[in-house]
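Colleague: Pasting a structure here, questions to come.
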Amino acid sequence: MVTLTFLLSAAYLLSGRVSAAPSSAGSKSCDTVDLGYQCSPATSHLWGQYSPFFSLEDELSVSSKLPKDCRITLVQVLSRHGARYPTSSKSKKYKKLVTAIQANATDFKGKFAFLKTYNYTLGADDLTPFGEQQLVNSGIKFYQRYKALARSVVPFIRASGSDRVIASGEKFIEGFQQAKLADPGATNRAAPAISVIIPESETFNNTLDHGVCTKFEASQLGDEVAANFTALFAPDIRARAEKHLPGVTLTDEDVVSLMDMCSFDTVARTSDASQLSPFCQLFTHNEWKKYNYLQSLGKYYGYGAGNPLGPAQGIGFTNELIARLTRSPVQDHTSTNSTLVSNPATFPLNATMYVDFSHDNSMVSIFFALGLYNGTEPLSRTSVESAKELDGYSASWVVPFGARAYFETMQCKSEKEPLVRALINDRVVPLHGCDVDKLGRCKLNDFVKGLSWARSGGNWGECFS
């Protein structure tokens, strides 16, 4: 274990990285505080993890409202960063593909005509302006939803040590504080700060970013399953594209790259992502369903229950959540950082609002470690299954850009013991492993008992065998 190198975010505040400038959150028609991204939903809600957050409140089987006889006593948020440019390696790959098409095509027919003059200008890794605004909106929504607590509380905030994750936390704070300052009923107007930034390293335990489980990191299962499914649906698209781009020879992987560009180009074009990229019109609605399922397969067999060590990557966070909900020391020997979780300054147990910022892959592992998708049958490797058929699981429903999970404890007049509830992107996910009620909740002690797999360390020992 390397020496502790967490950063107190006071330094970030002093350096001016957290902007206090007013924002026009919610004023754009495509992306709003309440509903998220709602433009071209037949396409944009099928971009897998590259979909911008959209509210699943209309997909509820039970109400997400707080029962009248209950009050929220604690809330934990786990958030993905906002919309970003492609990763550095993929940005280079996409640019190379566009350049090759332009160099080899003798004609650009039909909907592919735009490629003749398309100029690849996407950056790499960082949030787009739209992605920044997503997190401002998320901070506003969080304050509004939990106003009864937030008026008098300063949330404790952590972030994994990636620039886009840290920036997402800062933008969330901007939105949260904007909403608080606009609330005449707020009694504690102190601004939150990112109190802990956990380094991302193969040698540093980090519950918000996988990396230390050697056997898991070497696994190629998710990529293999995704490649096999791509081989089932991409050839027809490839043939059509080559017909419209004579002189060009594409691979199945190139087809997926062109589909990826639909989202990445859209979220980078304007600050509100209101202009749908011309890449999007190259594919049919049915093809977008297959693309969305491809991404769901990759996450399930890469980081979820489809990978023997997938859920194990979420054990550490699960045990941190248990500690926070029960106000007791962390009991874990997997990916938690013992130096951090044993220090009240870096892991307090007396807060009532916690906010953590992470990545999509780690969030998938965490959700499966928590058993939230225990009702999801193993995904078919050959045929598309909908989110409803998979008990609410799909990449776009679970980990879109700006995804957020709320874990609540509530005290109700009809119950002596606190109740626990989980919401993912505004959809109540009924708990598993405990005596769940009609509102998807379990009593706190029963919920903790139901997490016996994570509490015992699961199969973490296989990481190094």
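Each position is counted from 1, following the chain as shown.
Glycine is no exception: its Cβ is also placed from the backbone N, Cα and C atoms.
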Colleague: The 1D-myo-inositol hexakisphosphate site in Swiss-Prot includes Gln49, Tyr50, Arg80, His81, Arg84, Thr87, Arg164, Asp209, His359, Asp360. Which of Lys290, Lys299, Lys413, Lys416 is also listed there?
Modeller: Lys299
Colleague: Just confirming the record: what cysteine out of Cys70, Cys213, Cys262, Cys280 does Swiss-Prot connect to Cys463 via a disulfide?
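Modeller: Answer per the record: Cys213.
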Colleague: Which one of Asn104, Asn119 gets the tag N-linked glycosylation site in Swiss-Prot?
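Modeller: Record says Asn104.
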Colleague: Show which residues of the chain containing Arg80 (1D-myo-inositol hexakisphosphate binding site), separated from it by at least 6 in sequence, have their CB under 8 Å from its CB.
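Modeller: The answer is Ser168, Phe357, Ser358, His359, Asp360, Met363, Val399, Pro400, Phe401, Gly402, Ala403, Arg404.
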Colleague: Counting across all protein chains present, how many other Cβ atoms fall within 10 Å of the Cβ of Asn374 (N-linked glycosylation site)?
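Modeller: The answer is 14.
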Colleague: Sort out the sequence-distant neighbours of Cys434 (disulfide bond) for me: same chain, 6+ apart, CB within less than 8 Å of its CB, listed by position.
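Modeller: Expected: Cys442, Lys443, Asp446, Phe447, Lys449, Gly450.
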Colleague: For the recorded positions His81, Arg84, Arg164, Lys299, which one has the sparsest Cβ surroundings, going by other Cβ atoms within 10 Å?
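Modeller: Checked His81, Arg84, Arg164, Lys299; of these recorded positions, fewest Cβ neighbours within 10 Å: Arg164.
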Colleague: Using C-alpha atoms only, work out the spacing between Asn350 (N-linked glycosylation site) and Asn337 (N-linked glycosylation site) and round it to an integer in Å.
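Modeller: Counting only the Cα atoms, the answer is 19 Å.
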Colleague: Taking the Cβ of Gln49 (1D-myo-inositol hexakisphosphate binding site) as the centre, how many other Cβ atoms fall within a 10 Å radius?
Modeller: 24
